[in-house]
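Pulled from Swiss-Prot, these are the features on record:
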BINDING   Gly13, Val14, Gly15, Lys16, Ser17, Thr18, Ser173, Lys174, Ile175, Asp176  GTP binding site
SITE      Asn72  site 'Stabilizes the phosphate intermediate'
Amino acid sequence: MSRTGVLVLGPAGVGKSTFCNSMIAYMQSIGRRAHIVNLDPAANPTEYEFTIDVKDLISLQDVMEEMELGPNGGLVYCFEFLLNNLDWLDEEIGDYNDEYLIFDCPGQIELYTHIPVLPTIVRHLQTSLNFNLCATYLLEAPFIIDNSKFFSGALSAMSAMILLELPHINILSKIDLVKDEYSKKQLKKFLNPDPLLLAKQEDYINPKFAKLTQSIANLVDDFGMVQFLPLDCSKDSRSVETILSYIDDVTQWSEAQEPKEPHDEVELPDEVF
């Protein structure tokens, strides 16, 4: 039987851990079991305890102290160590077959753009552990205040889609921080990035910078791969429910579930009679 896993990616501070916690809370509320697998050797504890924590194998703080490395070099060392000890990950995942595993990944994008760390882990999960995987990439909504920054983030999302070669869902997180300043009509323009968003900006930025930003926006548009789903974890779970439905669709979660046998006898409460 295949397993289902979701990789949560994105720059530091975009709300990956909050999204993981919201996913767990919502899935528990509808009777589905899920677990967080922490792949960030520098992560702090969150609301929901990590079922599997890479810090049990190696932590960034220990590496920085013992190897005299900086944060980025230490993180690369940690993941190279993990790649050499994937049997530890296999043992920790063990018999989690019919439950969601949510992989909370570190925010350093060089782990999948510059060195093939995450792509290697993805291939291992697929081939050795029979996972159906989906990648989610979070970009925080305040990026839309600066259109050039938004398209830079969209380019990072697209690079993750291409390099990981997984079904991919992009998420515009922290939407509650901008929904009072932007109408729904304005926000929809960012959910499906359009280079025309830069038209009003060209008059007051450096011409060379404007040309570079326009080229990035056109590249994102030419590929036609990047769209975003809005995420608001502040009040209700409707956006989480919507995102989970997309994840279920691309991972074919429902098709992987074993059919449940009906009960032979149905007990009716006394008040029925």
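A Cβ is built for glycine as well, from the same backbone N, Cα and C atoms used for every other residue.
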Worksheet item: Rounded to an integer, what is the Cα-Cα distance in Å between Gly13 (GTP binding site) and Asn72 (site 'Stabilizes the phosphate intermediate')?
Response: 16
Worksheet item: Around Ser17 (GTP binding site), which residues of its chain at least 6 apart sit with Cβ under 8 Å of its Cβ?
Response: Ala43, Thr46, Asp104
Worksheet item: Helix, strand or coil: which one is Ile175 (GTP binding site) in, per DSSP?
Response: helix
Fill in: Secondary-structure category, per DSSP, in which Asn72 (site 'Stabilizes the phosphate intermediate') falls
helix
Discussion item. For a quick check of understanding: among the recorded positions Asn72, Ser173, which residue's Cβ has the most other Cβ atoms within 10 Å?
Written reply: Ser173
Discussion item. Considering Cα atoms only, can you say which of Gly15, Ser173, Ile175 is the nearest neighbour of Asn72 (site 'Stabilizes the phosphate intermediate') among these binding-site residues?
Written reply: Gly15
Practice prompt. Based on Cβ atoms within 10 Å, give me the single least packed residue among the binding-site residues Gly13, Gly15.
Written response: Gly13
Discussion item. Taking only same-chain residues 6+ apart in sequence, whose CB is under 8 Å from that of Ile175 (GTP binding site), what do you get?
Written reply: Ala141, Leu187, Pro230, Leu231, Asp232, Ser239
Worksheet item: Three-state secondary structure of Ser17 (GTP binding site) from DSSP?
Response: helix
Practice prompt. Can you tell me how spread out the GTP site is, meaning the largest CA to CA distance among Gly13, Val14, Gly15, Lys16, Ser17, Thr18, Ser173, Lys174, Ile175, Asp176, in Å?
Written response: 17
